[in-house]
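Q: Can you read through this structure? Questions will come right after.
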């Protein structure tokens, strides 16, 4: 918590530096940034390497220098875009949020053969849009193998050797190929999905400097529909080739759903770190898409024209991931406990008979009155 305070206090304490020169506001803004960096370096509230990235964030946002001029002191702006995507993907893997997303997608689409294959391919393609293709495949393969292993074990216990052989031959091959194909197809959908996309964007900017650069929104608007159609086409091909209708009758969809649900329950409730990383992931995706959509004005109109890029957004979320506290603050815990008590109180209002003590329940009072009645008659 002390480190988190050391991250918050310097920007607030050094705010007067912004007004040291009204005629040249860039002087005050640069001094403000240097003061924050000096405070972070001396206190090590953030890692030294992360603090060194603050000019990439602060100078374009404050209107001092364009992002491309600042990034030239490090490397190209497009490289920062890829770097930020890698950091967010590594954060998803570190808190196991990628497994939660994948298993939830499988439960959402269903567990029959065609639904299971489609769910695996959609989940893999979606994760591959933001993560490395190889890492996505390496993450989804164990999940597919676990599902197949459980299905094989239940087939062997039933003594259905023919069903077991068909399951391995048809559904197993379809899942393995589907995951591999979907990882490559999903990497096409976003600018950060795979390395060649970044190389193409950099080459495009170098060959056509006068044209509008390829933004994240421009790329996803062009490539995402193509990627979606390719996923559907690949799914249809695999279904026709490896999962014929004759094998679908010997498939236990309920047991498959139980296996996936058990794997999901083993992850436990969502943690504070998972919630933070997921919010950062969603924020980064929305910021990339809405910065400069093309068909309307984006949020970059609030800054100097051409100063803020997708790389600036990626580095901002990267620094934020290092700055957020690993444990929830006390006020969050108090708010959570207060909200829990409020919900319990509201529930008690909806069921007053269950919330009251047994002596105060109307049914108990009627029963007691019935017991007293014979005694009163005898008197």
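Each Cβ is built from the backbone N, Cα and C atoms, and glycine gets one as well.
Here the structure is a predicted model, which means the values were calculated and not measured.
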Q: Please find, within the list 99-115, 116-132, the residue stretch that TrEMBL describes as transmembrane segment.
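A: That would be 116-132, the stretch labelled transmembrane segment in TrEMBL.
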Q: Please identify the range among 25-42, 79-96 that TrEMBL labels transmembrane segment.
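A: Within the set 25-42, 79-96, TrEMBL attaches transmembrane segment to 79-96.
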Q: Looking at 144-168, 219-243, which one is transmembrane segment according to TrEMBL?
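A: Checked against TrEMBL: transmembrane segment maps to 219-243.
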Q: Under 8 Å for C-beta pairs, could you tell me which stretch among 45-67, 116-132, 219-243 has the largest tally with the transmembrane segment (174-199)?
A: 116-132
Q: Let me spell it out: take the transmembrane segment (45-67), skip the flanking residues so only those 6+ beyond its ends count, and list any with a Cβ under 8 Å from a Cβ in it.
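A: Residues packing against the transmembrane segment (45-67) from afar: 3-4, 6-7, 26, 29-30, 32-33, 36-37, 39, 73-74, 77, 80, 303-304, 306-309, 311-312, 315-316, 318-319, 322-323.
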